[in-house]
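**Student:** Feature list, courtesy of Swiss-Prot:
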type     : residues : note
SIGNAL   : 1-25     : signal peptide
DISULFID : 119-363  : disulfide bond
ACT_SITE : 210      : active site
CARBOHYD : 228      : N-linked glycosylation site
DISULFID : 275-286  : disulfide bond
DISULFID : 310-331  : disulfide bond
CARBOHYD : 312      : N-linked glycosylation site
CARBOHYD : 352      : N-linked glycosylation site
ACT_SITE : 402      : active site
CARBOHYD : 418      : N-linked glycosylation site
CARBOHYD : 444      : N-linked glycosylation site
ACT_SITE : 455      : active site
């Protein structure tokens, strides 16, 4: 009797396991499709169908469905969001990415930095080389036909932490500087490429302007030093109106003003006599001479000495009729600030998700003034020469009416590199007109001036800027004939 009970128990357990196994298998093995002409509705009504929702990837989450106020003729994809560069410290950099209007598996990736330090690359995106500009109402956008995404995929990065929408959850110990920024920028790029792996094998160019004369070569150097860890196919760097060596470049501002009739011969002579002549140097007289020259700047746009000042910062109730993008609006910065502080805009571009307790501004002046002073004056020419020695092409371009970083100051820095000229100074052309002048040096460095442009070349001369950019990434000479 005991054996029979044991057998019964064993049989029950076996039956239970058998049924459980069948149920388990049914949940994993799909049922065959019903035969043609036979309805399956009656056969499966007793089953509960469980549907699992797919979880969007970080890339999919960053997809911008539509920018508020954007034109209707947009065919390219846009992305925006945050990438962690130091999770334990809670440091996140914000990016805005526009794919090219001509998608392809080989179209290059360009990373763009504005300067400052502490100035947002969204200024570059919406005032310079991106696909849109902001109307005077601060609410709507219009197309920029000379956007660089005509030729490449363009990634705009707000860096360093504290710039624009980028933030840190932990206090930053000490002053920010070049080294930490370069590390953050490198970590951003590595992590961003994991989010967008289709760009890992692409040709990559790093570009920027002003203080990006530090960011760009320093990031490029880290990439080359660590390419045995993470391969990044860096092809070249392109920097506009670059800050490369302030000890040299700072001496050219007053000379530039004098050469353009902005100060008198007497003012220039007094400055030279009391400030630069070691035998006649007099601090009090030098200070007075400098003050008189600085006073002349108050009447000028120092970023483009021939541009009008913004005299009315009030937004218009309706967007002004835009007759041509070639005429830069001196108040465009006000329009952009208004646009990026609209709640719906921030939600659309996945920015300010942590509700930063301050509004977006084009430049963080606190960060600017607290930047490591030694870093401001470091010379970047040794890094440029290292990059060139490893096959990285370098182009430096400069607007010829910029007072902040005159083209003469950039050219002076290039001359200190003692490079051999392989193609002498000559004009280059856009649409039959002189776009500026250019000179080529041994080691793959090209210097370009841009006629009629100031500190932000793509703002002042968008056609010229696009031609320079296209020439660079295609590795073709600028047009040499009208």
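Positions of Cβ are set from backbone N, Cα and C atoms, glycine also.
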**Student:** For residue 352 (N-linked glycosylation site) and residue 275 (disulfide bond), determine the Cα separation and express it in whole Å.
**Tutor:** 47
**Student:** Going by DSSP, is residue 275 (disulfide bond) sitting in a helix, a strand, or coil?
**Tutor:** helix
**Student:** Roughly how many angstrom lie between the C-alpha atoms of residue 418 (N-linked glycosylation site) and residue 210 (active site)?
**Tutor:** 23
**Student:** Find the one among the recorded positions 275, 286, 444, 455 whose C-alpha lies closest to that of residue 312 (N-linked glycosylation site).
**Tutor:** 455
**Student:** Spatially speaking, which of the recorded positions 210, 286, 310, 402, 455 is closest to residue 444 (N-linked glycosylation site)? Use C-alpha to C-alpha, please.
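**Tutor:** Among 210, 286, 310, 402, 455, 210.
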**Student:** Using DSSP and collapsing to three states, where does residue 119 (disulfide bond) fall: helix, strand or coil?
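**Tutor:** The residue in question, residue 119 (disulfide bond), is strand (DSSP, three-state).
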**Student:** By CA-CA distance, flag whichever of 210, 363, 402 among the recorded positions is nearest to residue 455 (active site).
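**Tutor:** Ranked by Cα distance from residue 455 (active site), first place goes to 402.
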**Student:** May I ask which of the recorded positions 210, 228, 275, 286 is closest to residue 363 (disulfide bond) if we compare their C-alpha atoms?
**Tutor:** 210
**Student:** Fill in the CA-CA distance, residue 402 (active site) to residue 310 (disulfide bond), as an integer in Å.
**Tutor:** 17
**Student:** Provide, as an integer number of angstrom, the distance between the C-alpha atoms of residue 286 (disulfide bond) and residue 331 (disulfide bond).
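**Tutor:** Between the alpha carbons of residue 286 (disulfide bond) and residue 331 (disulfide bond) there are 35 Å.
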**Student:** May I ask which residues of the same chain, at least 6 positions away in sequence, place their Cβ under 8 angstroms from the Cβ of residue 310 (disulfide bond)?
**Tutor:** 330, 331, 333, 334
**Student:** With H, G and I counted as helix, E and B as strand and the rest as coil, say where DSSP puts residue 455 (active site).
**Tutor:** coil
**Student:** Output, ordered by sequence, the same-chain residues six or more apart from residue 119 (disulfide bond) with a CB under 8 Å from its CB, or 'none'.
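**Tutor:** Residue 119 (disulfide bond) has long-range Cβ partners 163, 210, 211, 362, 363, 364, 368.
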**Student:** When the number of other CB atoms within 10 A of each residue's CB is tallied over all shown chains, which of the recorded positions 210, 228, 312, 352, 418 has the maximum?
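**Tutor:** Going through 210, 228, 312, 352, 418 one by one, the largest Cβ count within 10 Å is at 210.
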**Student:** Just jot down the residues in the same chain as residue 275 (disulfide bond), at least 6 apart in sequence, with C-beta under 8 A of its C-beta; none if empty.
**Tutor:** 281, 286, 289, 290
